[in-house]
Amino acid sequence: MTDLHTDVERYLRYLSVERQLSPITLLNYQRQLEAIINFASENGLQSWQQCDVTMVRNFAVRSRRKGLGAASLALRLSALRSFFDWLVSQNELKANPAKGVSAPKAPRHLPKNIDVDDMNRLLDIDINDPLAVRDRAMLEVMYGAGLRLSELVGLDIKHLDLESGEVWVMGKGSKERRLPIGRNAVAWIEHWLDLRDLFGSEDDALFLSKLGKRISARNVQKRFAEWGIKQGLNNHVHPHKLRHSFATHMLESSGDLRGVQELLGHANLSTTQIYTHLDFQHLASVYDAAHPRAKRGK
């Protein structure tokens, strides 16, 4: 193992132990940093002390030429900057060579959501098969509380307060949130808990795979996509789309941006504000369809 690999392994241990980042986030860091290790090795670097701003810029250009999108490149450079900042804090680098290198701005795409009618159709799973009950409970919790995928799979039974209809989740940066989940989610969690012991697990996880282990993020993605097809939805159903739908529907009903920010666990209001654009699109379509002066130029 080269010094390049050794330093990255040390950094990943730091993120896991000191920062307590989720396994999914750690895997993302690992993938991004493996790309720079490969590039550095190809260019004859033996240690990170040999890396300079020119090499980082060349790495960014190479990534773009290989088809990496602007948003993905920004993520890769962010991981690299964080890694170099850590090396500086360990007195192994004098300065961060990635500090002044930025990716081109990515066009901001509005997140797609599932409308209320399609959401009701998706949630209309009335099968008494244990795995179907588990899936219905996961869908209800994710849409009912606007959880991230990592937050959903990280739920333990001890995080539930079904009497008050609340759940505790550990979000980004180890920030805990206490969230209402709604009576439908409570009812389906209770139904799932009645069947959960069939899997004979001693795991504390709320949601289990058919092998009795904590369900994986990939398994959740696969099951949600399958239910989208079974329930006749035209659009691909993935977990983050349920979170988008929660945010959009909450804003359409309440208009309370700050409240939705708290529920989603966004550190910055600007992250939540993207959903106001979605809400405006909805209002604009209503206006165009209903207002007598809307049909301009016709």
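Each residue, glycine too, has its Cβ placed from N, Cα and C.
According to Swiss-Prot, the features are:
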ACT_SITE  Arg148  active site
ACT_SITE  Lys172  active site
ACT_SITE  His240  active site
ACT_SITE  Arg243  active site
ACT_SITE  His266  active site
ACT_SITE  Tyr275  active site, O-(3'-phospho-DNA)-tyrosine intermediate
DOMAIN    2-88  domain 'Core-binding (CB)'
DOMAIN    109-288  domain 'Tyr recombinase'
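Taken together, the residues of the domain 'Core-binding (CB)' (2-88) have an average pLDDT of 90.
Using a 10 Å Cβ-Cβ cutoff, Arg243 (active site) registers 22 neighbours. The least crowded of the active-site residues Arg148, His240, judged by other CB atoms within 10 A of its own CB, is His240.
Each residue contributes its Cα atom, and for His240 (active site) and Arg148 (active site) these two points are 7 Å apart. Residue counts for the domain 'Core-binding (CB)' (2-88) by DSSP state, with H, G and I taken as helix and E and B as strand, are 70 helix, 0 strand, 17 coil.
Arg148 (active site) and Arg243 (active site) have their C-alpha atoms 7 Å apart, to the nearest angstrom.
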